[in-house]
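Engineer: Have a look at the structure that comes next, please.
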Amino acid sequence: MSSLMEFQDRNTTNNETEHQKSITDQSSSVPAGVILPPPAIREIIDKSASYVARNGPAFEEKIRQNEQANTKFAFLHANDPYHPYYQHKLTEAREGKLKSHATGLSTQKTSTLARPIQKPIEATIPAPSPYLFSEPLPSISSLDLDVLRLTARYAAVRGSSFLVSLSQKEWNNTQFDFLKPNNALYPYFMRIVQQYTSLIREPISSPEQELRENVRDPYSLLSKIQPRVRWQSHMESQKKKQKEEAEKEKLEYAQIDWNDFVVVEVIQFTKSDEHAKLAKPTNLADLQTATLEQKSAMFTMPDQNYTIEEAPPTAEPWEPISAPKKQEFGVSLPPSLASPEKGGISSTTSVSPAAQASPVLSTTTQPKVQKPVPKAFQPKVPMEISPFSGELVPATELEEHMRLKLLDPRWQEQRKVEESRKSTLNLENVNVAANMKRLVSQRTDLFDVQNGVEISQEEIERRKRAATQSAWGATPTNKRR
C-alpha cells in the first residue's frame, strides 16, 4: 500500500514539473509585454487561432457574432487584455509554428497513468504437431474396444456408406452405442477410423523416411523434442494455476459463516426410509470396466429384489377372426357332397334375413367386459372405529390409518405447511369426517345408524311398504276379513 502511495506521489510530482516546464516554454516564446492567459482560456485561444489561420478572417467574424455573450471569446475584441496574446498565436499559426502544449500534456499524462495498469503479456508458445497414430485410451472395456476397432477397420475399408447403414441397423443395439454422435466414445471412434483410412486408402512414405533420418542422426530429434517439452511444461503450469485458483475458491467457500443462515425446514428420516427398497450403489471402477450392454442394463433393468405384480387378464386371448363360410340357405345338399361321417344324409339350413345380413363372429374373439356391480349387491365391508379420531374406517384400511396417525406430529405439521404452500386454494377439510358422521346420524332413511353403511334399495322399498301399511291400518288379517 505504501509503495502504491509513493508511486502516485511520484506521478503527481512529475506531472506538476512537466506542467511548469510547459508554462515556462510558452512564457519564453511570448514577447515581452503580452499578458499570458490562464490554461483554460489559453487552450481556447490556441484552437481559435489555428482555425482562423486556416479559414481566414471571415471565420473570425463569424465566431465573434455567434459568441457575443460568451466571455471566453472576449479575446477577439481589440480592447481585451488577452487580445495581444491571440494576435501572437495567430501569427505563429499562419507561419506554422503553433504547437498544442495542452494536448501533448494530456496525452503524456494519460500514458503515464495508464502504464502501471497494463499487465505483462505472456509469450505464446506454439502447440506442437499432434501425433498421427497415438490417441489416449478412454475408460472402456476390452470387449467394447475390440468391437470398436473392428468396426473402425471395416468403416475405413468400405467407406461412410457402410457406417451409415450400420448405425441405422444397430441403432437399438447397446453394443454399438459408440456410433451415436452424442456418445462419449464417438470422437475416439472417428479418430481411429481416420487412422485406419490414412493407412489403407492413402499410404504415405514420409513417416518411414522420417524414421530412417532419425535413426541416422539422433541429434536431429532435439529440434523436435524441445518445442514439445516447452509446450508440455507450459500446459503443466497452466494446470497448476487452475488448481491453485480452485483451492483459493474452496478456501473462500469454507470461510463462509454458515450460522448466519436461517433454517427453513428440517427433513427427518424415519425407520421406513432406512428399510426402503433402493437401487444398489454403483462403483466408479465397475462403471469403467463394464461393457456398453452392462451399463445399459444398470440404468434400464429393475433390481432383482423388486417383485412385479401383474393384474389378472380381463379378456380371453385374442384370436384372428376367420372369414365366414359360404352356405347355401334352404337348399338340400346332394349325397355326393355330404360328409362321409354323416353317411350321405342331406341337411337343410334356413336362416332369417336378419341373420343373413350380419356375419356371425366367434364368441372367443369378443372380450368380456365387466359390468359395474350395483351398490346393493356389493359385499358389505366391515367398519371399525378409529381410536384416535373416532371416525369409521374400513377394517382393511385400519392398519394404514393407524400407521399414519402414529407418525411424528412435527413431520405432519411440516407436511401440512408444504402442502399449503403448493396448493392454490385455502380450503381446509379438518371437520369432514365429523360432518359426514353427523349426516349419517340424521339421514336414517339413507344410512344404517349402527354401522353407517348405505341402506340398499330393497330395504328402502320394504320400509316404504311398512310405513304405508301402518298409515292405513291394513294388516294381512284385516284384508282377509
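Backbone N, Cα and C define each Cβ position, glycine as well.
Annotations per Swiss-Prot:
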type	residues	note
COMPBIAS	1-15	compositional bias 'Polar residues'
REGION	1-34	region 'Disordered'
REPEAT	44-86	repeat 'SURP motif 1'
REPEAT	147-189	repeat 'SURP motif 2'
REGION	335-373	region 'Disordered'
COMPBIAS	345-368	compositional bias 'Polar residues'
REGION	452-481	region 'Disordered'
COMPBIAS	467-481	compositional bias 'Polar residues'
Engineer: Looking only at the repeat 'SURP motif 1' (44-86), report the model's average pLDDT.
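Structural biologist: Result for the repeat 'SURP motif 1' (44-86): average pLDDT 84.
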Engineer: Based on DSSP, tally up the residues of the repeat 'SURP motif 1' (44-86) by helix, strand and coil.
Structural biologist: 32 helix, 0 strand, 11 coil
Engineer: Could you give the number of helix, strand and coil residues in the repeat 'SURP motif 2' (147-189) as assigned by DSSP?
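Structural biologist: So the repeat 'SURP motif 2' (147-189) is made up of 32 helix, 0 strand, 11 coil.
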